[in-house]
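Here is the structure we will look at.
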Amino acid sequence: MGQGVLRGEGHPNNNPNSKVGWKSLVGIITIFMLILCDQSDGKICYSMDIRNNISQFSMLEDCTVIEGHLQILLMFTSKPENFRGLRFPKLTTITDYLLLFRVYGLESLKDLFPNLTVIRGTRLFFNYALVIFEMVHXKEIGLYNLMNITRGSVRIEKNNELCYLSTIDWSIILDSVEDNYIELNRDNKEECGDVCPGTVKGKSKCKHTLVNGALVERCWTQDHCQKVCPSDCKGSGCLPDGQCCHPECLGSCRKPNDPSECTACRHFQNEGVCVTACPKGSYQFQGWRCIDFNTCQELNSRCQNSRDNSCPPYVIHKGECMPDCPSGYIANSTTRTCTPCAGPCPKVCTIFQNVKTIDSVTSAQELRGCTVINGSLIINLRGGNNIATELEANLGLIEEISGYLKIRRSYALVSLSFFRKLRLIRGEVLEAGNYSFYALDNPSLRQLWDWHKHNLTIIHGKLFFHHNPRLCLSQIHQMEEVTGTKGRQDKNDIATKTNGDQASCEDNLLTFNFIKTSHDMVLLRWDAYWPPDYRDLLGFMVHYKEAPFQNVTEFDGQDACGSNSWTVVDMDAPERSADGKTQSPGCLLRSLKPWTQYAVFVKTLVSGSDEGRTYGAKSKIIYIRTNETIPSVPLDPFSVSNSTSQIILKWKPPSEPNGNVTHYLVYWQEQPEDSDLYEVDYCNKGLKLPSRTWTPPTEIDENGNENQTEHTSVNKCCPCPKTEFQIQKEQDESAFRKTFENYLHNEVFIPRPVRKRRDLFGVANGTLPDPVTAPPLFNVSSTRAPDEPEPKIYSQKVWFKESVLISGLKHFTGYRIEIHACNHELSMGCSVAAYVNARTMPEATADKVVGPITYEYVEPNIIHLKWQEPKDPNGLIVLYEVHYSRVGGIEEVITCVSQKQYNTDKGGKLRVLTPGNYSVKIRATSLAGNGSWTEQAYFQVPDHPHSNIVKIITGPIIAVFLLLIVLVYCVVQKKKDAEGPAGPLYTSSNPEYLSASEVYIPDEWEVPRDKINLLRELGQGSFGMVYEGIAKDIIKGEPEVRVAVKTVNESASLRERIEFLNEASVMKAFNCHHVVRLLGVVSKGQPTLVIMELMAHGDLKSYLRSLRPDAENNPGRLAPTLKEIIQMAAEISDGMAYLNAKKFVHRDLAARNCMVADDYAVKIGDFGMTRDIYETDYYRKGGKGLLPVRWMSPESLKDGVFTAFSDVWSFGVVLWEITSLAEQPYQGLSNEQVLKFVMDGGSLDHPENCPPRLHSLMQMCWQYNPKMRPTFLEIIDMLKDDLRPSFQDVSFYYSDENKPPETDDLEIDFENMESTPLDPSSCSLRDQSSRTNIYEEHIPYTHMNGGRKNGRILSLPRSSPS
């Protein structure tokens, strides 16, 4: 079982000054072993401090819960390979906090703690539950199963390699993110190319969430998404399929809705089951689990047997096993339960080591509420504000002291009346073996108690009063009478000369004969002194204080209020041997500051002699300086690069020089680039290119303010001066950072002795390294190839200044720099390092491809280009761009060659179809950006050597084959003509004599005319009027249903009638709730009717405009809310996703072509309803077909390319229409201006009052690169958590049809899914003309156009307005 270092709160080992015997330590360990073994599975471990050696990780073996904190820190020699194979998958919960600090080589926690789910934060580290600080090699956090930080915040700071921070949504893990502090990491420098799972392949796998107005994909690493559960789960966690865990779970579970399968519990865990409260017979323990009564009692028994007074006496109270009873309750020693007090609650306070010194208000507060002191009290108050009131508030309830009460050198005390309830001093333990009340050297003490009102009994022991010059003897004699101690005292116990007098005599001079110093201690010895009656010598008082200048007097800093700037150490009088020889008395002054001058003097403390004289003695004030020691770390290191080979480094002196800082040691080492970048194909347009930045040159003034140098601000405005509020805020943040760092260093650095000695000067040293005689503890990350030598470490000494110019560096190279402060005592070593990362500036020509570009004709139509890689690029080359075009031609082609492909081919391969002479130029892209283009080179693509022979042989064969196809076609066509016309083809030389029935064959969709009754006109469509009607028996189970009936005008031509029915034929293929459904066709007789699903609220554009406040036809509804807009967007996306799955491309998605049903559901509209109504929304480009340019994507406007991605662009415009209540897109621009604006990369502005979430979705749809736009299914995935439950029942997204394809025939190629309608003219020779011409002349816009389906092309109607 893993067991941590026992350093929890309240543990005696936390106090470096505590002295706990080995028996006590064994008892303490036994108690915590009981806690560990209490669980049947043996998986609970206590707080752990893993430091210095990686072998200490073995303590974590088999731990499931750490009941306490986990600190991993200070490993300077570990390397990445040391952590490979270290894995603790059982650890799921930490009850306090997780701290990581300066662990070299640790790059990620994904393998170390793959299942850590909950950090409870019961006790925090400076208000933080997760601290990651100065992890020099960490690249990612990687806690991909972390779902809940119950209490506290997150602090991630000064991790120069740490990425994947902007891809984490902390609001999912924490209740509040306002107090998080995430600064000074690589992520903040925009250097991270964070790639979430699936991004490389263009198929995002991770969910998107909205933070600060940005909709971002969420992941922990390139292999692990951040787990985002549905909002219904409310923090309980969920399974991968989205099923919520039981409400009592916290973070995760193994089965849904099962409290026994939780990873962690929201409230309490009882025998493996999560419960709201512990059941009867069990008790809450440590805030998260239940234990039985016997276990709690056993904890208390073990604690008592340990003989450790600080061990808490566990009791049962209100269903909880706790260390002590709360205020207002007292523990029953038999049952170990808490019972309410009758009146003021007696509270027995047991004093650690039997003596408690009250030397400050803070120490007095520790006894607040105590009524019985089981031990002795020493009052030693040198000063303070409002001290009497504070003492009465904290000590005023004490009624009984079992030992003695000693008032010593309390300059601030005038009276002891603050002990207002003190009634009994038992004297079970006596001071100096005799005294139960001891008052010594209290110059302001004038009154003990008001003896007329106060009663005090002293059972054992005597009184002792000396050197209380303002305390009258009458007060002392009266105390003898009241307390019952009269007659117990000897004549020397109460000094008649030094109590109540205002004088003190020190006639003799004491001389120091031995002085020895260390960095924090001084040992003093002085000549022995005895008064004539050696019994009058009570002891010595050694006074000392810091003295920067040698002008101190004894009475500096003392006043009538008791303030005293001197620190006083009391020393007992030495024992007097029989022969009268006495060892020189001495004193060891501890806890001094290094390299600090102190003023010191010593004086005797004597009683008055029988003759009335006081035989005192005092030394002169001497000045002693403590020794130097290792300085503290240099402050605020700052680095800039002013050229391609230099870095300017500045810092501030250490806050504690601990000597005269003479010089600094500066070490620097080149940091290799991340070799993983070679493995990623950055030619994939879905990936962001990695980058590295350098800090532009700046100047730092004397106050530490940064000013940009002149050459960086050319042609730029000067920065505005900071306001007082900004300056104050920066100062507060800086002060808080320093406070946190001081707290961190104080907590994690545990002093340890360098050597052991038997004398008083066993000086303790910290965990700092030995004297620096070797290079520092640099550690190279695993980004370096195994066979690559480790970069050399360089060093330089910097004398008497805090800056250095490091020269001779490589261009655009990262360096890790360490700065050590050294003082004149080099044998002690130099300080812990302050480190900073810097990068030199890029070389302008380093990324240029030099040398000739050669080519090789490897196979037909493939050219292998070869070129030399830049010898010394700026960082790494990530890709090459090859720009080539046919000489004299117009079309230019740019192709991308990844570094990985270049390493394989030593160049790139081009597929060139057309023979001819070509020009080519190449440029490289490095971590610093794009290099420059090479000079143009030329290559020739020849005709295939055997092309003429092939043509001679294959020509006749092809001609014969085509002739056979024509003959077969004619035979089949003749047979069809004999059977009668069918399908969309017609060949009549005079089509006006044909009726619709001759080109349309009735099928199962045919509806008898007498089942349709027309009620009223709805509006004019493309072919004729549209009516509302009643249809009988056309929907199973519904005798009558309201429908929309489309008609064709009587004056319509035969072609228009054919197109009218063809549109109906196309819609027969659709069966989706969010696409308007065809219900039937009446083709027999005139007029021809098409029966459609009735959309009661008309088209979406008209409906939105009716919701405007000033609209005359406003139905009384308000503008749609955010939730309603999201519902509309999902319904439109669902209909479009269905059409994409059917391999149809819409090409004209707009609000006018969406319909609103009676229940306000939005559906993709039917055909022919809106072309004439909204003809102004279309534009006739070059006299050709009508184009909806304001809804078209850039690639559609440029090249006539229509794909599912171009429909997504149009969907973004529809969203804009919904939020603006159907305003015209690009209002104020003409159609020609819109064409140019969009093709140049423009898009619509932010709509007024548009929520950030919707605008982020619009921007995703308007990505210029089509591949960067989301699919309609991905859009629904982003919105699904906010949709109505009914959406799951009716949508295509949740239907069985929306499943991954099982065969290649069903795969959708979104990039090539172009809309290419066929009509008689499309089979002409004009197919060989440019795609743009075909688009302009032969593809008019319809509301729904077919694409490829099952290997054939559906002919589509031409519904251009005449």
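Here the Cβ of each residue, glycine as well, is placed from N, Cα and C on the backbone.
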* Structure fact -> Of the ranges 741-749, 777-785, 858-866, the one Swiss-Prot annotates as region 'Insulin-binding' is 741-749
* To do: Name the cysteine that pairs with Cys196 in a disulphide bond per Swiss-Prot, restricting the answer to Cys219, Cys225.
  => Cys219
* Candidates Cys238, Cys244 - disulfide partner of Cys229 as recorded in Swiss-Prot -> Cys238
* Would you mind telling me which one of Asn930, Asn1049 Swiss-Prot calls N-linked glycosylation site? => Asn930
* So what pLDDT does the domain 'Protein kinase' (1012-1287) average out to? -> 86
